[in-house]
Amino acid sequence: MSQPRQTRTFVRREGRLTQGQQRALEGLWPQFGVDVPERGVIDLDGLFGRAAPRVLDIGFGDGEALVEMAAADPERDYLGVEVHRPGVGHCLLCAEQAGLDNLRVATVDAVELVRHHLPGPSLETVQIFFPDPWPKKRHHKRRIIQPAFLDLLAERLVPGGALHLATDWADYAEWMLDTLEADARFENTCGPRAFVPPPPPRPQTKFERRGLRKGHQVHDLIYRLRPDTAG
């Protein structure tokens, strides 16, 4: 029996690769890239060459904020997921310049990666900063924050693991809040229906700066997986 078609939560916006980004994708991929297998889970200890707390960053954009976090946090390993090739190339260049050995990058559908290729429980933190808001109501099913995706995260996060979200779309912020508050497995670290007080504990991102220039308000949410309900 064929599997039901997965709803896409992203749009591939290829854009134009600079020569530097193209060279990075070709020359730095063996150092930082993750060739996700068609089947089976990734050996994270083998991938990073050690056992350490792990952070999954979904949709890292140009990667500058991700590299900054990984550089400031050498005791944890960072796995970034992004499908926009120019952003991936830029991230690889930044990672090389920073001399990182605790960052790896994959260019696959993040939902499929979590569902099929990550062992559980293996993640200390999952962070999703400024995902596609899919503002039209008929597209809300494409938003990555859905009850079914929380089911996957609850299986992959370690007990007490964190889910950190950020958006500059007020409607999506309320959607995130409603979805997570309805899930008893997750606890809001700032109190019921509370956003993180500014400034949030993360670097500013390219998409965040763009939203601020448009006059958008940024909302951060941090939830923890209750230890007694971990998958």
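Heads up, the Cβ atoms here are built off N, Cα and C, so glycines get one too.
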From 131-151, 194-214, the residue range that Swiss-Prot assigns the feature region 'Disordered': 194-214
Other CB atoms within 10 A, centred on Asp109 (S-adenosyl-L-methionine binding site): 17
Entry from the recorded positions list Asp57, Asp132, Glu208 having the most other CB atoms no farther than 10 A: Asp57
Residues satisfying Cβ distance under 8 Å from Thr205 (substrate binding site), sequence separation of at least 6: Gly61, Glu64, Ala65, Phe129, Phe130, Ala166
Which listed residue (Lys136, Lys206) has most other Cβ within 10 Å, given these are binding-site residues: Lys206
